[in-house]
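> What follows is a single structure, and I will ask about it in a moment.
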Amino acid sequence: MENASSVQEFILVGISENQGVQKICFVIFLFFYMIIVAGNLLIVITVISSQHLNSPMYFFLSYLSFLDICYSSITAPKMIADFLVENKTISFVGCIAQLFGVHFFGCTEIFILTVMAYDRYTAICRPLHYTTLMTRRVCSQMVIGSWVGGFVHSMVQTLLTSCLPFCGPNKIDHYFCDVHPLLHLACTNTYSVGIIVVANSGMIALSCFFILVVSYIVILVSLKSQTSEGRHKALSTCGSHITVVILFFGPCTFTYIRPSSDLSEDKSVAVFYTVITPMLNPLIYTLRNEEVKSAMKKLWSRKVGREEKSG
């Protein structure tokens, strides 16, 4: 990728410049990343292999888990490796690729979470029409639409940023390449680009968040007419989704719908949506969902049974 600048690589400051803190962070974040990959991969395998988890909710959940693995893998491995090295450099091309990946998987995840809210609305508020409204073809189209939407958003962010001239300094006050830190380093006036970037991210985050809020208001109102058992089951599945939405949307909205002024504050908040939320998602969805726990137990017992027979 050609850029009108003399900068060929960037230096990532990381979470902390203190050597002792970096060693502690290496152990903590390596542990977190292993949980992210193992936990989300377990959900994907469970949903794919279980005959009982064939509803649209679990179809979307498997994609959410896959996205969490991809999203964290864009930033976490580089961050973890950088804790052990003094020279935390990343090439210009690598930086732009990381920027693209973060926004591509992050935005796609926002759309998937919105689609999951629509799925819950349809299941609870229009149960008689659920099977005709949420066919496998419709669900697949929604997932494809989420991927396409994430790609378009990411291309806008990436092209706007990569075309800026960078002529020094090249030190990024973050642990990964993102739009706001790069805008701070560009050797030109980035006010108009910053407005477009914030408008692009803000429009997506706020419109999706509005759809989510409206969906759950309608769901909560409709639950009044249901039995206590039906209400409890609906709130159980919705509760998991609402928790994930708050954990993911809160930090994302804080970072991307305003012009960034405090980069050190931004990178602290970024830890939540790049590491903490993807790590907690499998726990949130499995601990509150009896069907998933039951499917995991059956999957594990089948695996143990096969090993005993082969032994």
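Cβ coordinates come from backbone N, Cα and C, glycine included.
TrEMBL: automatically predicted annotations, no manual curation.
What TrEMBL shows for this protein is this:
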TRANSMEM  20-45  transmembrane segment
DOMAIN    39-285  domain 'G-protein coupled receptors family 1 profile'
TRANSMEM  57-76  transmembrane segment
TRANSMEM  96-118  transmembrane segment
TRANSMEM  138-156  transmembrane segment
TRANSMEM  191-223  transmembrane segment
TRANSMEM  235-257  transmembrane segment
TRANSMEM  269-287  transmembrane segment
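What's the neighbourhood like for each of these?
Tertiary proximity for the transmembrane segment (20-45) is limited to same-chain residues at least six positions away from its ends with a CB under 8 Å from its CB atoms, namely 14, 61-62, 65-66, 68-69, 72-73, 76-77, 79-80, 83-84, 275-276, 278-279, 281-283, 285-286, 292, 296, 299.
Averaged over the domain 'G-protein coupled receptors family 1 profile' (39-285), the predicted model has a pLDDT of 87.
A Cβ distance under 8 Å defines the sequence-distant neighbours of the transmembrane segment (57-76), meaning residues of its chain 6+ beyond its ends; these are 29, 32-33, 36-37, 39-41, 43-44, 47-48, 98, 101-102, 105-106, 108-109, 112-113, 115-116, 119-120, 123, 136, 139, 142-143, 146, 175-176, 237, 244, 274-275, 277-279, 281-282, 285, 291-292.
Outside the transmembrane segment (191-223), and at least 6 residues removed from its termini, the chain residues within Cβ reach (under 8 Å) are 107, 110-111, 113-114, 117-118, 120-121, 124-125, 149, 153, 156-157, 160-161, 164, 179-180, 183, 230-231, 234-235, 238, 242, 245, 249, 252-253, 256-259.
Remote same-chain residues near the transmembrane segment (235-257) are listed as 57, 64, 106, 109-110, 113, 116-117, 120, 124, 179-180, 198, 201-202, 205-206, 208-209, 212, 216, 219, 223, 266, 269-270, 272-273, 276-277, 280-281, 284-285, 288-289 (criterion: CB distance under 8 Å, separation of at least six residues from the stretch ends).
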> By a Cβ-Cβ criterion of under 8 Å, what residues six or more beyond either terminus of the transmembrane segment (96-118) are in contact with it?
1, 57, 60-61, 63-64, 67-68, 70-71, 74-75, 78, 90, 142-143, 145-147, 149-151, 153-155, 157-158, 161-162, 176-179, 182, 204-205, 208, 211-212, 215-216, 241, 244-245, 248-249, 252, 273-274
> Quick test of the contact rule: Cβ under 8 Å, at least six residues beyond the ends. What residues does that give for the transmembrane segment (269-287)?
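Tertiary neighbours of the transmembrane segment (269-287) are 15, 29, 32-33, 35-36, 39-40, 42-43, 61, 64-65, 68-69, 71-72, 75-76, 102, 106, 174-176, 178, 240, 243-244, 247-248, 250-252, 254-255, 293, 296.
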